[in-house]
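Straight from TrEMBL, the features:
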type	residues	note
TRANSMEM	B:6-24	transmembrane segment
TRANSMEM	B:36-54	transmembrane segment
TRANSMEM	B:60-82	transmembrane segment
TRANSMEM	B:94-116	transmembrane segment
TRANSMEM	B:192-213	transmembrane segment
TRANSMEM	B:219-241	transmembrane segment
Ligand SMILES: Nc1ncnc2c1ncn2[C@@H]1O[C@H](COP(=O)(O)OP(=O)(O)OP(=O)(O)O)[C@@H](O)[C@H]1O
Ligand SMILES: [Mg+2]
């Protein structure tokens, strides 16, 4: 199996404060990796670095065996897609959000596809025209997730996306994630505290205080 | 010109108006006394110098000298706009380009139409009017860009994470900022003549020109300022939004 993401001694300092120290791990293509650790330990920061949204101070991050600095950032972010921990929806309606991936690719909106995606996270089709202000926190989180899935990425970075969900919706999302991982062969890196997600994983990483504590392979 | 009654003595009496504002500031303990005195002295010195320079330039009527004067106006306006940018990189150059574009397009059209002649007594005041309105528009654009890039940080990050390019991620902010830059000119066009008589028209009427004739100039000025502020706003916003990102296309 070839590895698709490879972190080599990645460190990050912000204003002389060390946020991450020497993080190294590899993820095989098609794998499911979970990251755990206490609040403030640097989990989200690791995902944002991999997503190319911030820059490391030292070390290297490779995607498909090439440093991520060598890719066009815009194309890269379409391949390695990050879903935020507390996402903000934009525009006015759910449709504005689901249309956005089409708009940036200069493609025409495929309403049937968008509705199918809504249903895959347990939201009815009429939600497409719903105002974003009428959505619950868990519903917003699911709409945000679909934005990343309208055009499937190669790597999906999920930042505690099930934290705000009830057990029913959690199950729906777990089924979806499993499907993406098994059938679509999408590599998934998920920050989570959820036992079910940890059990689904091929690899488990624990970060504390910006340092890698342990790596467990299934 | 015999309607004009501003002589040196009457100016000295008009100075009592400054004393009124100083009195208010003193009574309310606003601590602006120094500011007022400084700005009044500065205004007097600047205007005296400008008055003599303009008299000289108008008399000589030389193209190079006129262009130099225009350049000085551009430079000063760009510098003032730049100071409003609160640290946006390259904002002096951006302001200069925007003011240069808005002035040359607007003036160029007026010259082509024959509304204006390329003589210093027409070109220099009009350049000043265009540049100062552009400068205000640019300042508003900068302020709006800064506050929106700060307030909508999370939204922009999410758009970038979805693979939007810089323009796509900033587009609502760019549009909003251009609108903000243009809106004072549009608003004042709506109330022109009803609420206030603008400076140029008042000046002409003061100097004894028939109001019906003066409005023709004011109509020209209104058209001119609409074009100038829209050109400078669009130029500044499209040149500035990229400055909020680094070379790795990350939000700064
Ligand atoms: N831009 C920044 N400037 C300064 N400090 C930052 C910045 N971004 C993150 N940090 C700090 O880095 C540390 C790690 O933050 P991070 O968001 O990665 O934590 P986390 O493990 O995701 O926590 P949580 O479980 O609460 O989401 C925190 O102490 C945070 O304050
Ligand atoms: Mg986090």
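Using the three backbone atoms N, Cα and C, a Cβ is placed for every residue, glycine included.
In TrEMBL, annotation is done automatically, which means it is predicted and not curated.
Taking every recorded stretch in B:6-24, B:36-54, B:94-116, B:219-241 and counting its Cβ pairs under 8 Å to the transmembrane segment (B:192-213), the highest total belongs to B:219-241. For the transmembrane segment (B:94-116), the neighbouring stretch richest in Cβ pairs under 8 Å, chosen from B:6-24, B:36-54, B:60-82, B:219-241, is B:219-241. For the transmembrane segment (B:219-241), the residues of the chain that approach it from at least six positions outside its boundaries are 85, 88, 90-91, 94-95, 97-99, 101-103, 105-106, 109-110, 115, 126, 129-130, 133-134, 136-138, 140-142, 145, 166-167, 170, 173-174, 177-178, 180-182, 184-186, 189, 192, 198, 200-201, judged by C-beta separation under 8 angstroms.
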